[in-house]
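Positions annotated as active site, nucleophile by Swiss-Prot, on the basis of sequence analysis: S173. Taken from Swiss-Prot, the feature FMN binding site covers A61, G62, F63, D64, K65, T85, N139, N170, K214, A242, G266, G295, Y316, S317. The substrate binding site feature in Swiss-Prot is assigned to K65, N110, R111, M112, G113, F114, N170, N175, N243, T244; the stated evidence is sequence analysis.
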Amino acid sequence: MIRAFDALSLPLLRLLDPEDAHRLAIQGLRLLPQAAPPADQPNLSVRAFGLNFSNPVGIAAGFDKNAEAPDALLRMGFGFVEIGTVTPKPQSGNPRPRLFRLERDEAVINRMGFNNDGGEVVLRRLAARSARGGIVGVNVGANKDSEDRVADYVRLIEMFAPVASYFTVNVSSPNTPGLRNLQQAAALDDLLAKVIEARERVRAIAGDTPVLLKIAPDLTLNELDDVVHIARSRKVDGMIVANTTLSRTHTLREQARAKEQGGLSGRPLFRLSTRMVAETYVRAEGAFPLIGVGGIDSGGAALTKIRAGASLIQLYSALIYKGLGLVESIKQDLASTLLRTGRDQLSEIVGADAPMITAEDWPV
């Protein structure tokens with residue numbers, strides 16, 4: 001089914017405007033037959049944040065912003081789905097065009113601006129599917145015009161706690177003015193304190209829903225020191241490393257398109273994000289697991305991210321170029337690598353290369 005979907009959809013979608021193609025892909029997924037997801041190899045199972053994942057490959061926030069197709073994505077073989085970013089009020093985001101393919105670089109630039117249907121609509125969708133199981137996380141953010149952004153996060157934690165498998169506190173999107181300022185030490189400490197307090201208030205009805213923090217790859221190492229210290233002191237359950245980057249390398253082939261404003265994702269982000277995973281892993285000292293994101297487009301890339309320190313990984317941009325078949329390909333490669341090297345579980349290799357990657361001679 002997945003091969004057929006890719007064979008039919010990829011050539012067509014590449015002819016369309018990127019945002020129109022994305023909309024069509026979501027609609028297509030919703031129409032697929034409700035077949036059971038493929039069984040995962042036992043050695044791919046991961047326990048993290050108090051949750052049991054059948055495999056480590058998730059889909060990152062931004063693909064299914066409005067929780068329209070989480071079950072279809074789980075049937076495609078993802079071990080977990082992260083919907084959003086969701087804001088309390090619906091918002092249209094930034095003006096179009098706001099999504100750009102850099103095809104020769106297998107990259108994407110976006111300046112979407114948290115366009116979404118708003119908390120109430122998305123909550124109804126998740127509530128309607130909550131009995132179906134599967135790990136579905138909720139990525140939460142603040143409205144662009146909010147007068148109290150911390151209150152936006154708190155409200156969403158309280159709203160979605162009964163239906164979210166986990167929360168991701170997104171303070172790292174570059175496309176909402178001022179949002180990344182919430183990564184600064186004092187602001188982040190205040191935000192996480194209030195988010196954790198909100199989680200505790202609804203624990204009686206929702207349980208101990210894990211709270212993760214998603215950071216930018218553009219932090220300096222001194223800034224990362226502060227972020228990880230605060231995350232540990234506030235006892236967050238994990239971190240997602242990393243969001244899109246504002247940086248542009250001279251090696252990009254599509255230099256004209258690279259001048260578009262917004263966050264860059266895809267293959268050019270791989271080394272920067274992997275370095276950030278390793279740096280975060282070393283600083284966390286086992287306090288919490290990491291989800292590695294950024295430029296993963298093969299089993300080898302997934303393995304590198306895991307050996308850098310990621311217990312789980314997420315995909316998005318590579319799916320535009322390689323299709324949903326990439327999910328099974330990565331899982332097969334990871335399972336085969338474990339068998340070939342005599343390892344029983346992925347947890348045995350998490351962070352194995354972090355010291356090497358954080359060394360000065362590992363280029364970004």
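The backbone N, Cα and C atoms fix where each Cβ goes, and this holds for glycine too.
Here the C-alpha separation of R111 (substrate binding site) and S173 (active site, nucleophile) works out to 9 Å. The Cβ of N139 (FMN binding site) has 26 other Cβ atoms within 10 Å, all protein chains considered. As a whole number, the greatest separation of Cα atoms within the substrate-binding residue list K65, N110, R111, M112, G113, F114, N170, N175, N243, T244 is 16 Å.
Neighbouring residues of the recorded substrate site, listed in sequence order and excluding K65, N110, R111, M112, G113, F114, N170, N175, N243, T244, comprise G62, T85, G93, S173, P174, T176, G262, G263 (Cβ within 8 Å of the Cβ centroid).
When the CA atoms are compared, the binding-site residues lying within 10 A of N170 (substrate binding site) are N139, K214, out of the candidates F63, K65, N139, K214. Under the DSSP three-state reduction, S173 (active site, nucleophile) is assigned to coil, being neither helix nor strand. Put plainly, the binding-site residues K65, R111, K214 were compared by Cβ crowding within 10 Å, and the winner is K214. Packing around F63 (FMN binding site) is summarised by its Cβ count: 22 other Cβ atoms lie within 10 angstroms of its Cβ, all protein chains included. Taking the Cβ of Y316 (FMN binding site) as reference, residues of its chain lying under 8 Å away and at least six apart in sequence are, in sequence order, I59, A60, G62, F63, S265, V293.
For the binding site of FMN, formed by A61, G62, F63, D64, K65, T85, N139, N170, K214, A242, G266, G295, Y316, S317 according to the record, the largest Cα to Cα distance is 20 Å, rounded to a whole number.
Distance from the CA of S173 (active site, nucleophile) to the CA of N139 (FMN binding site) is 11 Å.
In three-state terms derived from DSSP, G266 (FMN binding site) belongs to an extended strand segment. Per Cα geometry, N243 is the residue among the recorded positions G113, S173, N243 nearest to K214 (FMN binding site). In this structure, of the binding-site residues G113, G266, the smallest number of CB atoms within 10 A of the CB marks G113.
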